[in-house]
Amino acid sequence: MKPSQPLCNRIVDQLITAMIQNRPFDAVLASSTVAKPWTQQLVSDVLHSIPRFFFISPRSIGRQKGFRHRSPLKQRNLSDESQRRRSEVLVLGPGAYMDPKKVSIGLQKALEFFFWIETHFGFDHNEITCRDMACLLAKGNDFKGLWDFLRQVSRRENGKNVVTTASITCLMKCLGEEGFVKEALATFYRMKEYHCKPDVYAYNTIINALCRVGNFKKARFLLDQMQLPGFRYPPDTYTYTILISSYCRYGMQTGCRKAIRRRMWEANRMFREMLFRGFVPDVVTYNCLIDGCCKTNRIGRALELFEDMKTKGCVPNQVTYNSFIRYYSVTNEIEGAIEMMRTMKKLGHGVPGSSTYTPLIHALVETRRAAEARDLVVEMVEAGLVPREYTYKLVCDALSSEGLASTLDEELHKRMREGIQQRYSRVMKIKPTMARKEVVRKYFHKIDGNQNFAMEEI
């Protein structure tokens with residue numbers, strides 16, 4: 001019989017509490033556990049809960065994922081991080097604020113739990129639970145334990161069904177996200193040891209991890225290997241999209257003009273090679289290249305790609321139009337940006353969102369066109385969107401400086417304040433600890449009298 005969801009939650013809480021209290025996983029704990037029978041979902045829930053209590057510090061609760069960081073991801077060096085912690089130097093990146101002692105306890109308890117349910121309850125681990133345990137060891141930076149665990153599990157009778165290509169691919173993705181790209185590459189080359197054969201998804205995963213740290217030479221080597229005549233797993237559209245997107249993003253992150261020119265040239269060359277080999281670019285491929293061209297002031301090439309995608313029947317979406325709107329807003333070609341937004345709505349290619357209106361409003365305010373900025377804010381709110389706190393304050397200040405403060409309806413003010421306050425409350429539930437002022441700042445100011453509201457600027 002499958003345990004109910006409230007019962008599963010109680011069991012997870014009970015086991016996590018036992019881990020925090022450092023209680024041994026023995027027959028005494030087994031007798032007090034009411035999970036009969038154990039299910040794969042319940043075991044996965046326990047393993048997924050361990051990082052939240054042992055790997056994450058209060059200061060990093062609610063932090064953005066690595067792919068949202070502006071700075072390029074770098075290959076992590078555990079010995080260097082350990083030296084920095086001993087010297088009380090701030091460690092940045094995925095390993096920030098991790099307490100090695102807590103992580104070690106969490107890994108120890110996770111392994112005890114993994115083998116405890118086998119011994120006392122006769123639970124047969126499958127591919128999913130072994131994959132979750134391997135990813136847990138990777139997130140805890142225990143690579144020796146990870147290799148030993150995979151070797152031990154793969155040598156079992158059902159080892160071929162437990163350690164599969166899909167599970168190794170998921171592990172490589174986890175290692176890449178944590179900044180351990182060399183370890184992910186080592187896992188890729190160890191697949192044969194675990195009786196697995198890499199497929200196109202495994203190649204795409206390791207190429208993506210290599211591109212994230214800027215190792216394009218190795219990524220191109222793997223792509224060339226996939227392009228060999230008769231290779232079992234040739235590249236697909238996603239393989240080329242990974243490289244095109246990475247060339248554009250990594251070039252802009254370096255901040256070097258020469259590097260930007262080189263990377264954009266490589267991205268366009270990869271796009272032409274993709275067409276030459278008979279692959280059809282999708283909207284994601286076009287969006288990556290168009291966004292890179294817009295952000296590097298290559299608007300002619302971006303418009304050429306835009307027309308090309310429409311000619312080939314690839315329908316642009318909101319992301320495509322937002323790239324042009326941001327470019328036109330930054331260069332003060334506001335009429336072009338507004339025309340792009342109206343075209344998107346007219347052709348039904350997307351619905352304007354906050355990321356569409358915000359650059360337009362900021363550009364109008366900077367060019368002292370507060371009345372038009374106010375009209376866009378009204379249109380935005382009537383569409384069910386809430387402007388950012390900074391955008392709201394910017395428009396209010398611009399209207400006041402031009403003597404148009406009374407033209408914005410009080411009911412509209414109220415709706416925006418309520419939306420801002422609701423969003424602020426949601427953020428506070430996700431990230432209750434705001435120790436770093438560059439992450440979240442709170443401002444209190446008055447608008448139209450005695451009403452205060454908290455403004456969060458990210």
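Using the three backbone atoms N, Cα and C, a Cβ is placed for every residue, glycine included.
Features as listed in Swiss-Prot:
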type	residues	note
REPEAT	164-198	repeat 'PPR 1'
REPEAT	199-233	repeat 'PPR 2'
REPEAT	236-271	repeat 'PPR 3'
REPEAT	282-316	repeat 'PPR 4'
REPEAT	317-351	repeat 'PPR 5'
REPEAT	353-387	repeat 'PPR 6'
REPEAT	388-419	repeat 'PPR 7'
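The DSSP breakdown of the repeat 'PPR 4' (282-316), given as helix, strand and coil counts, is 26 helix, 0 strand, 9 coil. Within the same chain, residues 237, 240-241, 244-245, 247-249, 251-252, 260, 264, 267-268, 271, 274, 323-324, 326-327, 344, 349-350 sit at least 6 positions outside the repeat 'PPR 4' (282-316) and bring their C-beta atoms closer than 8 Å to a C-beta of that stretch.
With a threshold of 8 Å between CB atoms, the same-chain residues lying at least 6 positions outside the repeat 'PPR 5' (317-351) that come near it are 283, 286-287, 290-291, 294-295, 297, 299, 302, 306, 309, 359-360, 362-364, 366-367, 369, 383.
Sequence-distant contacts of the repeat 'PPR 3' (236-271) (same chain, at least 6 residues past either end, Cβ-Cβ under 8 Å): 70-72, 200, 203-204, 207-208, 211-212, 214, 216, 219-220, 223, 226, 279-282, 284-285, 288-289, 291-293, 295-296, 298, 301. Confidence in the repeat 'PPR 5' (317-351), given as mean pLDDT, stands at 93.
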